[in-house]
Amino acid sequence: AKTTQEWLRDKSLNVLEWPSQSLDLNPIERLWKDLKIDTGLHYDRYLREVIDFLEKDQHFREKLHNTDMEDIKQGKLAKELDFVGHHVRTKLDELKRQEVNRLRTLIKAKQDAEGGHEMNHKVLLKQFEYMNHMNPHTFEVEDLDKLIQSATNDLENYDQKRHEEFKRYEMMKEHERKEHLKNLDEEHRKDEEQHYEELRKKHADHPKINHPGSQDQLKEVWKESDGLDPNDFDPKTFFKLHDTNGDGYIDEQELEALFTKELEKMYRPNLDEDDMTEMEEERLRMREHVMNEVDTNKDRLVSLDEFLMSTNKKEFLEPDSWETLEQAPAYTDEEMKLFEEQLAQEESNLNQKTSDLQKQKEELERQQEKLNAQKQCYHLQNVSIDS
């Protein structure tokens, strides 16, 4: 493996002269920048279009540079909307009208899918939480304030939603496995159970997993991914290497990339025993853990100072063993029981609805037959009269 000095020389890099083109971004500008990526929110496109147009206004850009998180909480940044150019406001009005129409179409489609039943009022309001829906025509200060606040809050809750989705995925997988076993005879059921246990053992048979964010884990990345000598490990250089966009921070995506080598020990594509959905949940757990340990100001970014400070902690040098997913089940027995009861209820409701529809169909067919018979009788009577 190359020494750090050799690697830097070959790449013509000097740690003391590292790119710093984005180091002057304040926390709000970084948040603003993060909101421009695909957030996964149901109003993601609207959010990014609003941001793109606001950035075209010089006054707003200047205010953004001098804004802090407290200004966001007090709605001061949103009030700057009153001072943006007329053409920007006109475009924002148009974007809002389009978004209101989109939401109305979605809600109408949902109502149609539910057979015309009235939607839950709280659910309905939740759909419009990021805008002032009482005024569907113009984009006002309140709209920008709601949009920024909602996006910030929703992104903070996004990970929890992913955990809940994963839990449901795991419970559904187990439910379907047990349902499959019910349809087998005794001999085939035993074979399936044995095969299932073999797969579990094969998945658990992997090299030691380093504690995420520990010295051992980062040194392994330094050696295997960066091609550098572990004896020359330097936290500051490591940070610079993995701040891939050079903005002076390791964001959540850059942090998750550091866990690829650990995840490859446990998960290999195309193998029956390894589930890639579980791999992504493990990646999320690792990232959350490191962020909780290192991101002291909770801005969802790791600064160089925060990173260097974390390398001085005892946990960095002597961490506990990492509890992987197979050691930490995604759900409890009670949650599984409740889940299966809900599935049974949903199936019962669906069967009842199917039965009701079948009865309606049969009734309509009877009425149609009756109507056809009446038409035939009427026709015969007319023929008889004419003759």
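Yeah, the Cβs are placed from backbone N, Cα and C, and that goes for glycine too.
Nobody curates TrEMBL annotations by hand; they come from automatic prediction.
Quick caveat, the model's predicted, so the values are computed rather than measured.
TrEMBL lists 178-200 (among others) with the feature compositional bias 'Basic and acidic residues'. Using DSSP to sort the residues of the compositional bias 'Basic and acidic residues' (178-200) gives these counts of helix, strand and coil: 20 helix, 0 strand, 3 coil.
Residues annotated as compositional bias 'Polar residues' in TrEMBL: 345-355.
Annotation comment: TrEMBL describes 356-369 (among others) as compositional bias 'Basic and acidic residues'.
What TrEMBL records for 230-265 is domain 'EF-hand'.
Sequence-distant contacts of the region 'Disordered' (178-214) (same chain, six or more residues past either end, CB-CB distance under 8 Å): 220, 259, 262, 265-266, 271-274, 286-287, 289-290, 293-294, 310, 315-317, 319-322, 324, 326. What TrEMBL records for 178-214 (among others) is region 'Disordered'.
According to TrEMBL, the region 'Disordered' annotation covers 340-375 (among others). For the region 'Disordered' (340-375), same-chain residues at least 6 beyond its ends with a Cβ under 8 Å from one of its own Cβ atoms are 175.
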Reported mean pLDDT - the domain 'EF-hand' (230-265): 93
